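Just below is one structure, and these are the notes that go with it.
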Amino acid sequence: MRFNAAITGALVSSATLMGQAHAEETEKKADATSLVEKPTFTPTTIEAPFLEQFTADWDSRWTPSHAKKEDSKSEEDWAYVGEWAVEEPTVLNGMVGDKGLVVKNVAAHHAISAKFPKKIDNKGKTLVVQYEVKPQNSLVCGGAYMKLLQENKKLHAEEFSNATPYVIMFGPDKCGATNKVHFIFRHKNPKTGEYEEKHMTAPPAARTTKLTTLYTLIVKPDQSFQILIDGEAVKNGTLLEDFAPPVNPEKEIDDPKDKKPADWVDEAKIPDPEAKKPDDWDEDAPYEIVDEEATMPEDWLEDEPTSIPDPEAEKPEDWDDEEDGDWIPPTVPNPKCNEVSGCGPWTPPMKKNPAYKGKWTAPLIDNPAYKGIWKPRKIPNPAYFEDKTPSNFEPMGAVGFEIWTMQNDILFDNIYIGHSIEDAEKLRKETFDLKHPVEVALEEASKPKLEEKAATPSVSFKEAPVTYVREKVDYFVGLAKQDPINAVKQVPEVAGGLGALLLTMILVIVGAVGASSPAPAAAAKKGKEAASAAKEKASEAVSSAADTAKGAATKRNTRSSAQ
């Protein structure tokens, strides 16, 4: 048992030293956000049909719209009153000097556009559309998608609206249960000349956090497309197979003039005409019958009514028997019935009738006259056409954001529209790949840390030792569930105390099993006494180590303030 005491003493000393070391470590910690090193924005040298980083001359390219939104479902006029600004992020800013286009108003219609230096013709080429979205207040209900507008010499930026013809719509949209990344393109029917929107099926979910998200769309001349989020592919498909309605109509359609013959038999099954109802089939037998074997419970009070006059009720003072009639007190449930199985006349319960069979019907058999499900004959589709290259989008002359959102401060940046996958990746490495890790670090640093919780018990050890120890242990267990190593660092006194207790119990068990003393009862008694003593020392270790650590920290703080 002297060995156990020595071990316990050593652990207590270790816990004290660990507590002092931890106090010093906590004292040295600085604000995590100040330790995050941010890169500085440098304009790219990449050239593209359209590349926007919202540098100082951005307003020479972008024009807010002052048009009115067209809405056939409402008589009210909606103007694009939402304001725009170019500024650095105010939330999780991951790059010094990096400005973006920011939505400034909540619950407002916003529209802004920029013309391309020259129209973008994608015939026979790869189209790459890439841009950053940073919802600084998260994205709960609103759009953050862009539109590539159809080339039109008559297009005036100030008149840009939801009615302005676009070629491609791409980007995130979130509201309620809707959460997706749009990819829609308008396709012209070569026979009728009419345009039809083709919507990508099974769209991926949008990212709605306050971090910058990079959305990339790649459409290749082989009609395949790919959507990437933060540089990772989230959707692959083809323009000919993954859009609704499909680009090309069916070659054949149902003949609208074809009619089902009058003698066509649609019934696959019919009642068996040779089947007969069994002689013992009783259709009149009831579904339930009285349970003749049931007996009245012994505590059933047949003479007690289920309700009685309310003994606490009193006749109103203004009650006139001549005018109002005899006053009858209201009734209340008989309290005696609550204590027994029931009151009043007893009737036996019902039970399912074993002889019940219900109405007899003949079993079904295959209909020998069945001809199958009738379908009209097929005829060639007069509106059929085949467009094998829908990626040859119509020429595009501008890019615009035409959105409505309940959140402001949505930031757009680093827009690339061109034909080079390599250049888009290079731009990503120059911008997103540098700022995004910083934003993640800033977000992590801004989260409340576990050690920020009430690590100090609500009472002192002298006031309530049991409560003090329990709160310390609970705090240690909560930390250990997420990070055991951090738990030992944060509450070393509890770790040391629990370790001492565990080691003592192991030694007691080993000693009890391997003891060869002729007096086992005495040995067991000594073991229990030793275990009890160890527990007391472990509790003392928790309090003394904590007090030692607190004292050390207090002394150091005092010296710091004095300096």
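Yeah, the Cβs are placed from backbone N, Cα and C, and that goes for glycine too.
Copied over from Swiss-Prot:
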| type | residues | note |
| --- | --- | --- |
| BINDING | TYR145, LYS147, TYR166, ASP173, GLU402 | alpha-D-glucoside binding site |
| COMPBIAS | 280-305 | compositional bias 'Acidic residues' |
| DISULFID | CYS141-CYS175 | disulfide bond |
| DISULFID | CYS337-CYS343 | disulfide bond |
| TOPO_DOM | 515-563 | topological domain 'Cytoplasmic' |
| TRANSMEM | 494-514 | transmembrane segment |
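Annotated features taken from Swiss-Prot, shown on the structure.
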residue: CYS141; record: disulfide bond; DSSP (3 states): strand
residue: LYS147; record: alpha-D-glucoside binding site; DSSP (3 states): strand
residue: TYR166; record: alpha-D-glucoside binding site; DSSP (3 states): strand
residue: ASP173; record: alpha-D-glucoside binding site; DSSP (3 states): strand
residue: CYS337; record: disulfide bond; DSSP (3 states): helix
residue: CYS343; record: disulfide bond; DSSP (3 states): strand
residue: GLU402; record: alpha-D-glucoside binding site; DSSP (3 states): strand
Residues lining the alpha-D-glucoside site besides TYR145, LYS147, TYR166, ASP173, GLU402 (CB within 8 A of their CB center) are GLY143, MET146, MET169, PHE170, GLY171, HIS182, GLY400, PHE401, ILE403
For the disulfide-bonded residues listed (CYS175, CYS343), most other Cβ atoms within 10 Å of the Cβ sits at CYS343
Cα of TYR145 (alpha-D-glucoside binding site) to Cα of CYS175 (disulfide bond), in Å and rounded, measures 13
Of the binding-site residues LYS147, TYR166, GLU402, the one whose Cα sits nearest to the Cα of CYS175 (disulfide bond) is GLU402
Closest by Cα to GLU402 (alpha-D-glucoside binding site), out of the disulfide-bonded residues CYS141, CYS337, CYS343, is CYS141
Widest Cα pair spacing in Å over the listed alpha-D-glucoside contacts TYR145, LYS147, TYR166, ASP173, GLU402 is 17
Students should find that the Cα atoms of CYS343 (disulfide bond) and CYS141 (disulfide bond) sit apart, in Å rounded to an integer, by 60
Within 10 Å, the Cβ with the most other Cβ atoms among the disulfide-bonded residues CYS141, CYS337 is that of CYS337
As a whole number of Å, the Cα atom of LYS147 (alpha-D-glucoside binding site) is distant from the Cα atom of CYS337 (disulfide bond) by 75
By Cα geometry, the one of the recorded positions (CYS141, TYR166, ASP173) nearest CYS337 (disulfide bond) is CYS141
Going by C-beta under 8 A and a gap of 6 or more residues, the same-chain neighbours of TYR166 (alpha-D-glucoside binding site) are LYS147, LEU148, LEU149, GLN150, ARG186, GLY400
CA pair CYS141 (disulfide bond) / ASP173 (alpha-D-glucoside binding site), Å rounded to integer, equals 8
Confidence over the topological domain 'Cytoplasmic' (515-563), expressed as mean pLDDT on the 0 to 100 scale, is 43
